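As written in TrEMBL, here are the features:
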TRANSMEM  46-65  transmembrane segment
TRANSMEM  85-103  transmembrane segment
TRANSMEM  115-132  transmembrane segment
TRANSMEM  144-165  transmembrane segment
TRANSMEM  172-191  transmembrane segment
TRANSMEM  203-223  transmembrane segment
TRANSMEM  235-254  transmembrane segment
TRANSMEM  266-285  transmembrane segment
TRANSMEM  297-319  transmembrane segment
TRANSMEM  325-347  transmembrane segment
Amino acid sequence: MSPPEPPAAPGPVVTTIEPLPAERGLSASPRAGVRQRLRRALSREMLISVALGQVLSLLICGIGLTSKYLSEDFHANTPVFQSFLNYILLFLVYTTTLAVRQGEENLLAILRRRWWKYMILGLIDLEANYLVVKAYQYTTLTSIQLLDCFVIPVVILLSWFFLLVRYKAVHFLGIVVCILGMGCMVGADVLVGRHQGAGENKLVGDLLVLGGATLYGISNVWEEHVVRTLGRVEFLGMVGLFGAFFSGIQLAIMEHRELLKVPWDWQIGLLYVSFSACMFGLYSFMPVVIKRTSATAVNLSLLTADLYSLFCGLFLFHYKFSGLYLLSFFTILIGLVLYSSTSTYIAQDPRVYKQFRNPAGPVVDLPATAQVEPSVTYTSLGQETEEEPHVRVA
């Protein structure tokens, strides 16, 4: 009987390792990453903010259409009176609200502390409207449309130095795309021969537009500061108070004769009511959008207002259509989405800016011995993305 064979040596153990889900999709990760970034960029909050900006543009469209009917069809050239009606509405709604408040938020308490600041703000807001409207008598529509974009660099610079807002490359890219869309619209106006106005003294008209755009920029940045720190009702109540005061004086001095020439009837009355409703809605709603986004984002959104007026003019005034108008509209919207796709931030300390630029950083804790004040706040049209580092200052 032969001895039993020894057991065979065990063979090599083969272990199968299942790839992790992230590893299985590694080859498709760049495409998945792009889709994920797009979903984050086109977030619900960002789209709502862009839509709110377009509501402001539609209100400005209504203001422009009613003004056009008043000046061209009924020869009622009363820009100061139209502003006066809006300031009176603001006074009746918001200034009286401040008057019935108690404590430190009462109208008299606010006037004792900050009356001279709001007096300057009310005068700036009034003259910004007046200068741009007055420019139509001297220069062409093309010049006004182009030079009115000057408000954007004014707002950016004032926000940078006074509100300490810091922008990223994508913000500047979005701004450039928006301005290119505006230039496309102006080019379309020239090609289709849209009415350009008299342009009898272009230098004076161009200077008026630049002055008005500068004052608009100052007013918008000041508005953002007041709305974020003191509240919407205080801002509108003070603008209504001092705007009504100064516009009333200017109306009595400069425009009382024009007002007497207006051929009053129910149609003109309806146009004035419509203008005042659109202007009051714009003033009441703009602080809400500015607080949600920023003064820069709002002014970029308002670039589409001329296009809405043009689309209405195709039916009301039989303007000629050009495909460049649609190209301009969608170019501006693309620029808005680019600008809105990431957050701006406010930095008060250079080390915070250095930490913020760290692309891989999770939450960074600076040493407690540094004694730095909290100095980062996000203000954005969109939600923060996960790639954006959060900085916490001790």
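Each residue, glycine too, has its Cβ placed from N, Cα and C.
Among the stretches 115-132, 203-223, 235-254, the one making the largest number of Cβ pairs under 8 Å with the transmembrane segment (85-103) is 235-254. Long-range contacts of the transmembrane segment (203-223) within the same chain, counting only residues at least 6 positions beyond its ends with a Cβ under 8 Å from a Cβ of the stretch, are 121, 124-125, 127-132, 134-140, 143-144, 147-152, 154-155, 158-159, 162-163, 235, 286-287, 290, 295, 298-299. Count of Cβ pairs under 8 Å against the transmembrane segment (266-285): among 46-65, 115-132, 235-254, 297-319, the largest is for 46-65. With pairs at least 6 apart in sequence, the transmembrane segment (115-132) and the transmembrane segment (325-347) have fewer than 3 Cβ pairs within the 8 Å limit; the two do not touch.
Non-local neighbours of the transmembrane segment (172-191) in the same chain are 141-142, 145-146, 149, 152, 156, 296, 300, 303, 306-307, 310, 322, 324-325, 327-332, 334-341; each lies 6+ residues outside the stretch with a CB under 8 Å from one of its CB atoms. The stretch in closest packing with the transmembrane segment (115-132), judged by the count of Cβ pairs under 8 Å and taken from 46-65, 235-254, 297-319, is 235-254.
Highlighted: of the candidate stretches 46-65, 235-254, 297-319, 297-319 has the greatest count of Cβ pairs under 8 Å to the transmembrane segment (144-165).
Under 8 Å from some Cβ of the transmembrane segment (297-319) lie the Cβ atoms of residues 49-50, 53-54, 56-58, 60-61, 64-65, 145, 149, 151-152, 155, 174-175, 178-179, 181-182, 185, 192, 194, 217, 220, 286, 289-290, 325, 328-329, 332-333, 335-336, 339-340, 381, all in the same chain and six or more residues away from its ends.
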